[in-house]
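Participant: Got a structure here, written out as structure tokens. Questions coming.
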Amino acid sequence: QLQNKILILTICAAGIGGTFQYGYNISIINAPTSYIQTFMNETWLERTGVPLESNVILLLWSFTVSAYPLGGLTGAVVAGPMAIMLGRKMSLLLNNVFVIIAAVLSGFSQMAKSFEMIMLSRFFTGVNAGVSMNIQPMYLAESAPKKLRGAVALTSASFTALGLVLGQVVGLRELLGGEESWPFLLASNVVPALIQLMALPWLPESPRYLLIDRGDKESCISALQKLRGNSDLSAELEEMLAEQAALKGQRAKNPWELFQNPALRWQLMSIVVLSSAMQLCGNDSMYFYAAYVFQEAGIPQDKIPYVVIGTGTCELITSVTCNMIIDYAGRRPLLLGGYSFMAGWAIVFMVALSHQTQISWMPYLSMACIFAYILSFGIGPAGVTGVLPTEIFDQMSRPAAYMICGSLLWFNLFLVGTAFPFIVKSLAHFCYVPFLVVCVCTALYVGFFLPETKGKSFLEISEEFKKLNFKAQTHAVFYKGPEEIKSTML
């Protein structure tokens, strides 16, 4: 299938400095929590002669943690204009500047005796993640051949999971998670950035961007030849030229223009529902619970970090599996299955938590639930959500769609991060009820309203949605005989 090394290299080069950074930077901040809090206290004591109160330390810490999603939100908003003006590849390359600034800030924060530098560095790291999570799936899906489009764009999710696991591993006490070495741990995100800066410049820009946005047919053909090797390009070029003709005279749209356009009503609904659900389904909160549940299950305190690596590995394994099956199984079954299973596990998890102390084997059940929940998330929602905006929007709406998608993703990450401790406080064992509701509603939405996009050209997908958006006007004749039905929509 993948005779072409260039496509694989493009995937790896885009991934290592792209969504890999998102996963990596989420998990490296967990290991040095207590050391950074101590550092904040000592710094303050040196400056003012008064130690900080514990609730102030907690507040400063939550500022440090939430600087990341705020940076991500900023990144998601600038990603659209960047992708249009600079192109997909150039944007990814320039994006590394943010990480390099962040690494310098956090690496020298201890020497400079400034915890504000850590907060700033988390903000810049967030900007980098926000940009790459929007541009990388767009760049890869536009560069991939139609039959591999899902799998190639989905590698974004695999790189996120890989980043999570590696961040957990590097954060172990034996490596960089010790008290002396936390500034190096926080600055280690500069390594993937340097790898990308060395590798990506040699690889081609997105052929679709070159042809449709730039109108540069020769560069597009040369990029396609690099990506496809010796295979016949005529059909693919024809399809792109048809899309170019369909979009003739249009310019790249702004996010608010998408909301005003009735022809994009269902596409917008779909990405709003799915990107919100991705953060509001409680998957990240499972990691929050993991350490507590493992402790209850009788795993010794010093062994817990190793078991937590298991949860990250779970997500990695499923997203790689999902890569292999997405272009066979299709997008809908994976999303539907993922959210339905998560809803089921959420119920079991709450039952297990409430009987944690009464029944001896309950902690093991809740442990199994954590793994099962993360597996269900990895098999569908984790990856498919990032692929959809590329498939259901045309070239001119795509960057704006990713801006909306990314902004929602980061805003909800911020929301869940801030609200979850309070949800746990007020609902105790039933803290998963809100997540359960989200999973059930999303599964229903996917089941009833989302068309399948597997193996269709971008124009065919636009036609599918046209039928949905203008259902009232086009209720007449669709039936042309059994061969020609391409839609499963009712």
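Note that Cβ sites are derived from N, Cα and C of the backbone, with glycine treated the same way.
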Participant: Need the matching range: TrEMBL marks transmembrane segment on one of 118-139, 272-293, and I'd like to know which.
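Facilitator: From TrEMBL, the annotated transmembrane segment range turns out to be 118-139.
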Participant: If I take every residue in the domain 'Major facilitator superfamily (MFS) profile' (11-454) and average their pLDDT values, what number comes out?
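Facilitator: Here the mean pLDDT over the domain 'Major facilitator superfamily (MFS) profile' (11-454) amounts to 90.
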Participant: Ranking 56-80, 182-203, 334-353 by Cβ pairs under 8 Å to the transmembrane segment (365-388), which is first?
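Facilitator: Going through each listed stretch, the top one turns out to be 334-353.
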